[in-house]
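Database features, via Swiss-Prot:
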type	residues	note
MOD_RES	Ser100	phosphoserine
BINDING	Ser100, Asp239, Asp241, Asp243	Mg(2+) binding site
ACT_SITE	Ser100	active site, phosphoserine intermediate
Amino acid sequence: MARLFGTDGVRGIANYDLTPQLAFELGRAGAYVLTHGTHRPKVVVGKDSRISGDMLECALTAGLTSVGAEVISVGIIPTPAVAYLTRLYQADAGVMISASHNPVEYNGIKFFDKDGYKLPDEVEDRIENIIKEKIELPSPIGTGIGTRKEYTNSHRDYIEFLKSTIDGDLKGMKIVIDCAYGASSTIAPILFKELGAEVILHGAEPIGEKINVNCGSTHPEKLQQLVIENGADIGLAFDGDADRLIAVDEKGNVVDGDHIMAICAIDLKKKGRLKNNTVVATVMSNIGFEIALKEQGINLIRTKVGDRYVLEEMTKGGYSIGGEQSGHIIFLDDNTTGDGEITALKLCSISKESGKKLSELAACMITYPQVLINAKVKNELKNAYLEDEEIKREIENLEREMRGEGRVLIRPSGTEPLVRVMVEGKDYDKISQMAKELAELIERKLN
């Protein structure tokens, strides 16, 4: 049996990979592990808008209550809201039912601990072990069985928290918001209108059949069109569970996570709030991002791909901002996970405070051309490039040739017999040739 937990909880095609039975078992095992079986657990449960959410919530809740848990149901709400509300309601755990940016047929179950952090691998392993080994758990009867309560004020609690993360309001700004027919539909329209912005909406109903379909952070084309048509100051695109944000400037250009992090980090530094003068990002962030930070005297720490690794580094080093090119951005002084709504508020607030258009702010960073070529290598030899002296020497030579204005990244595929060769630099033709020759060298040496 393959590992249940991936890099972001348990995920798969709903009712096929992620069945009601599995959701039930995850509820039982999760509640038991997160309270060490010592007391009646209190668990916050939220979901995005996808149509399998009701089915999985019912099954998950049955599992939770079968071990005596008190379930707080907060309905359709962003993933970061569950992290925040778990802390606010002093719960033992939070659970989000969502597959984030994935298509409608997918769903997922993701746990948060009592402090609103995603679970470390070892805790997920304990939950998984109970399920796989079919370990018997207590089954209370009578008044020992748990109950479910709907908290109707949860959305208001989260909106008021979001407002507290910026100073002032957004009066005078015209903003187009794409909610991807997902969880932000229940929050963003109210939030931005209450802050005084003129708001134009797209995909702002929680319609499960339409979630992420040609909309949201992975498909910003309609948002770009609406920003230009309406003469808006900024466009904001969330994904299905609103833990990530991609923006569009007033000219209709996409502003990705790298640009947003650069804008926010520079602003934090100006205000003396950039902790340890450092930003955390993954190996996939563009070399242009690194250069932009360096020009401002800001340090960059890179991690493996995945916001969980960014968060681990942030908590370890006490840093205030980190994230991914995809728009997962963590403001650790405000929330314990990537929060698209907070990111959107920070970006709009910086634009209003500075009096600068988003295109002017985004000019702090130039995205360097990037070339990606797959080298075909047998699975058992994918990591051998680390030991090959000729390959290592060639990588060093290429980076020396680019003189700090480019980089080489080698990443073995996790699922295919491939090694991905990525080269970034100023001259597209030059880096294309570099990537091609390096990929050929890797194939020749490792096959």
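Backbone N, Cα and C atoms are what each Cβ position is placed from, and that goes for glycine too.
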Listed in sequence order, residues not in Ser100, Asp239, Asp241, Asp243 with Cβ within 8 Å of the centre of the Mg(2+) site Cβ atoms: Asp48, Pro78, Thr79, Ser98, His101, Gly182, Ala183, Phe238, Gly240, Ala242, Arg244, Gly340
Cβ neighbours within the same chain of Asp241 (Mg(2+) binding site) - under 8 Å, at least six residues apart: Asp48, Pro78, Thr79, Met96, Ser98, Ser100, Gly182, Ala183
Neighbouring C-beta atoms (10 Å sphere around the C-beta of Asp239 (Mg(2+) binding site)): 35
Long-range Cβ environment of Asp243 (Mg(2+) binding site), under 8 Å and at least 6 residues apart: Pro78, Thr79, Pro80, Ser100, His328, Thr337, Gly338, Asp339, Gly340
